[in-house]
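For reference, the structure discussed in these notes is given below.
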Amino acid sequence: MSEGADTVMPMTELDGPQRAALDPSQRAVLEAPAAEPLVVVGAPGTGKTTALVEVLAHRVAGGAYSADEILALAPARAQAARLRDRIAARLGGTVSGTRARTPQSLAFEIVREQRAAAGKQPPVLLTGADDDALIRELVEGSVDPVNRYGFASPVTSDVLRLAGFRTELRDLKSAMSEYDVSPDELASYGVHRPVWRGAANLIEELETVLSLQRDGAYDVPGLLLEAASILHAEQGIGRLAVDRLRLVVVDDAQELTEAARRLLVALEARGVTVITFGDPDIATGTFRGGGPEHAVGWRPREEPAPRRLLLTTVHRHREPIRSAIAAVTARIGARGEGRHRAALASTTVSPPPDHEKGAGALAASGAGDWQVRVAIADSAVAEARLIAATLRRLHLEHGVAWSDMAVLARSGAALPTLARLLARAEVPTSAVRAPDAGADPAVAAIVSLAGAAADPASLTGEVIEGFLSSPLFGVDAMRVRQLRRALRKREVESGGGRSADELLVEAIVAPAGTVGIEAPTDAGPDTTGLSLPARHPAIVALRRLAALLRRAGQVARDGAADEVLWAVWEGAGVADRWRRLALRGGGDGEGADARLDAVVTLFDVAKRVVERTPDTTIENFVMSWEQRDVESDSLASRAEREAVTLATPASVVGREFRAVVVSGVNEGTWPNLRLRDTLLGAGHLIDLVTSRADDASVVDRRREVLDDESRMFAQALSRAREWLLVTAVESDDGGPSILFRRLDAPHLPGSRYGGVRQDILPSTLRELTADLRRRARDRAVRGDDADLEAAALARLARAGVHGAHPDSWLGLREPSTTRPLVDLVASGGEPDAISVSPSAIERFEECGVEWFVTSHGGGDTSPEMTLGTLVHAAAEFDFRSRAARLDYVSSRFDELRAEAPWREAAMHGRLALMLDALEGYVEERRARGVVTLATERPFVVDVPVRRAGIDVIVRMRGTIDRIEGHPEEGVRIVDLKTSKTVVTKAAAEAHAQLAAYQLAARRRAIGQPRASADGDDPAPRIDGGEPIDVAPEQLGGAALVFLGRGKHTDVRVQPAMTSSQELGFERRLVRAALGMAGLVLVPDSDHDNDNDNDRDNGMRGAVGSPAAEASALVPVDPGAPAAFTAAPESHCESSFGGVSVCRIHIVPEVTE
């Protein structure tokens, strides 16, 4: 039986948990007459939700309403779910059905029932992605959209096609729906803003197309208004399920939109008692149409407002946190009520409700350590490290569960970076909002694969490479290049001429596409590197990809879009591995977890598309997915994890945590005072419709934005129960914002202005392992006992902690050998030879370690090196024209294959310019009477080295690019360079590579050109094969010809080598060769000056020393273990920022 408006219900207990302890202001809400509408306002933490639940329990227990006649509304689905669980727990066995939902959910049920009664299809809720796609289709489908829709300046066709314009148009359309403004009415408002006339025409056509394509399609505001209209129109008919409702309570009413407010008005007009709970100072939805003023009243202005009750005691947190929140809210313009700001913190803090308990109630230990702290970091990375350290300390030292902590940022765009940085510190995180599936590379690969399965003709080599390098297959660029080379090798050997791209496509569409590229065994690549083992990752992935596309293609013939996507996902076979990674945690685990969430979102979206339009083909789904610029909301459930919550303030409305970090409170970021609708003016339209001031200045509007930003900031602060940390970054780009400065709180120890903590202990297993190893080492150096550290490391090692076991420590093992790289003493036969490349001499002299790493497995073949190979190949032949030379190089351009198309195009253009430079150089030399005597001539120079303890041969071998002859200038050796960096004239005179070529010529060591297979040459060879026998007096020197700068060449000349310089360079060569073998060269004061001269000019040396005894001038310590020396000051530092970075710092074998 219902009670009259003046009846006070007795407090009767229910079957559920005992009623929460209430303060007098909360009890006043319960003691109000059962049928009286109320507005309850309270500061954060004053127990509004607790009072809401107790009101429902009290009314049901007292018999005023049955459990089927009550309903709680919350602004978001997740919040409604938590509220539903809490109500069910409080009411015990007396509740059935859904007792908490969102206004949108209630509206959907009302509209659905009304349409069902009329024999119509259920309503369809339009998403932002749907709206965006339709707007794009209308604009791009028009030849002249500006004139078609009547837009005024400054709107142009290019502006209409921008994603930002579509966003503003959707905001304007939403505002129109929210306040029931028709396109005609918007056009009439065009006197205030002419651009609205064009927007009105576009929105009118949009609504017309929607009505034809999708009967019963509504956006959220339209759905709410339609439900309100139905309630007003059908009063007294009593055929709607909502007619059973007699009491509706609203949590966080400050988040209500105008359309939701009108739904409450319609409910009340239907006889439903409405009670709202809210706080206008912590509204977060103002940017999406929310109204803070709705927390203090929902009735129209002309009607009397409901009675207002204030909650006066804060139970969630103690005074320091309460003071921080009050410092922010005190500067916010009041929206109808300000007295609630005087609420004081209780001397005893209430425990959280059962559904939000983490590690239990408040922990006495540590609660008094700090309540509110601020921290300023030097960079975003340092800020994340500080946050991670704080969270780990709370978890380890105070027992705060990961799930009872949150890191809040103003924008969701900052959360992925925070998650990645926190994962590095082994802090598990979980985002409240589902990830943007459209931006996930794994999802992109699934969608693209589904499209390719349905349309095999769309497959190209580039597309296949993209699939192979996606997270579904994980083949790196190097292995893809190996696969391409192997396919190309097989094609050439079989006499074919197809490109690697064509061969990749054949490997997918033909079952035997990869036959013939495997090596005979699985031991590894052959000596040419052009055959691959059968288990090579690229071959395995290629075959998996082919099988996947065949299976998905079969499903695509008659299957639904979501079935094709599932066939792709199942065929990829990564689900179990990603699941294991996600459960393991850490950086890789966080990435796997995010990818799985994105995949779930994709399937949820696909399922809803198929349910809405069952005849959607996979081709149409792929097209609509790839064109979307707006993320679709997902209803897919996500597993709860023991992890720190990463969220925006709006995502945690109605939630609380023991510890909260509010991050990124920087100037320009929080608050963000940018006016958000400067073109189409959705906010301006709302001001006109609601009769707000039309002449508000930019300053006034920015003040409103600052108030909105402050409300969001206060909402973030108010989520904390025990610990609150607010962080910002101070750098050259900016510093803490005005919101940060309003907090009068101590700085966190360890931050920029917080001093240095002396008691900082490792907070991760990685840090602990490193600390124990450092302590053990220090004790060992001092000769102290390190048994405790050793025992701790042993325990960590048994637990599988990486880096704890000595077997994984670098630098502890003794060298496998200390012998030089060659035998220095001949044993009954020919002496060993130390091979030296002319181009390696200077590299070794600059840094012995870098030379060793590059020469013994640390080097690779870059596209730039391949570019040089092509230019040198083109210079061997006498082409009839520049075009013929370019055609030849273009036919081999597949060998170049850069990782990105833009890079490939750039190198193609650069190659053409270098060929132009080569043509220009050849023509200029020919005009001067220079004749090319030889090209690509090999040579070998042997220098015997015999002295005490050493008997080896230094064998220098190389290839000379060009040898030119002139009647007067003599014979000149030319080395072609494709680098853009031109050496100085002084460096050219001392250039070791040129000196090596001159030495080979003086020793008459130049050999014959390489033989070519019949028909293999693209043009006649310049080199006719005549012997090159140059007398020393005929040698006119050597030159470096730089082609890398484009159409002109830079030439650097080295004068002809003299006899004394020949011996000096020989000595330099021997020194370098012995060093390359690992011998330690020791200082020799008798030759210090000569050593300097040798290095400076590359040729000057000890005059008169016989060649066979050149090594006698090289002081060597044959008894020292082999070693190579790095030169970080002269080499490593100078390499940073240049074209080539020192390999010591980028090769894993050295750095890890």
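Glycine too: its Cβ is placed from the backbone N, Cα and C atoms.
According to TrEMBL, the protein has these features:
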- 21-318: domain 'UvrD-like helicase ATP-binding' (DOMAIN)
- GLY42, ALA43, PRO44, GLY45, THR46, GLY47, LYS48, THR49: ATP binding site (BINDING)
- 1007-1028: region 'Disordered' (REGION)
- 1083-1110: region 'Disordered' (REGION)
- 1084-1098: compositional bias 'Basic and acidic residues' (COMPBIAS)
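Of the chain residues outside the ATP site list GLY42, ALA43, PRO44, GLY45, THR46, GLY47, LYS48, THR49, ASP279, LEU311, VAL314, HIS315, ARG316, ALA343 have their Cβ within 8 Å of the site's Cβ mean position. Minimal Cβ crowding within 10 Å, among the binding-site residues THR46, THR49, is found at THR49. Taking the Cβ of ALA43 (ATP binding site) as reference, residues of its chain lying under 8 Å away and at least six apart in sequence are, in sequence order, ASP279, ASP281, LEU311, VAL314, ARG322, ILE325, ALA326, THR329, HIS340, ARG341, ALA343.
In this structure, GLY42 (ATP binding site) is part of a beta strand by DSSP. Across the residues of the domain 'UvrD-like helicase ATP-binding' (21-318), the predicted structure has a mean pLDDT of 87. The Cβ of PRO44 (ATP binding site) lies under 8 Å from the Cβ of ASP279, ILE282, VAL314, ARG316, ILE325, ALA714, GLN715, SER718, each on the same chain and at least six residues away in sequence.
Listed in sequence order, the residues of the same chain lying 6 or more apart from LYS48 (ATP binding site) and placing their CB within less than 8 Å of its CB are VAL40, GLY42, ASP251, ASP252, PHE277, GLY278, ASP279, LEU311. According to DSSP, GLY47 (ATP binding site) is assigned to coil rather than to any helix or strand. In terms of DSSP helix, strand and coil, the region 'Disordered' (1007-1028) has 0 helix, 1 strand, 21 coil.
Over all protein chains present, the Cβ of GLY42 (ATP binding site) has 25 other Cβ atoms lying within 10 Å.
GLY45 (ATP binding site) has a Cβ environment of 26 other Cβ atoms inside 10 Å.
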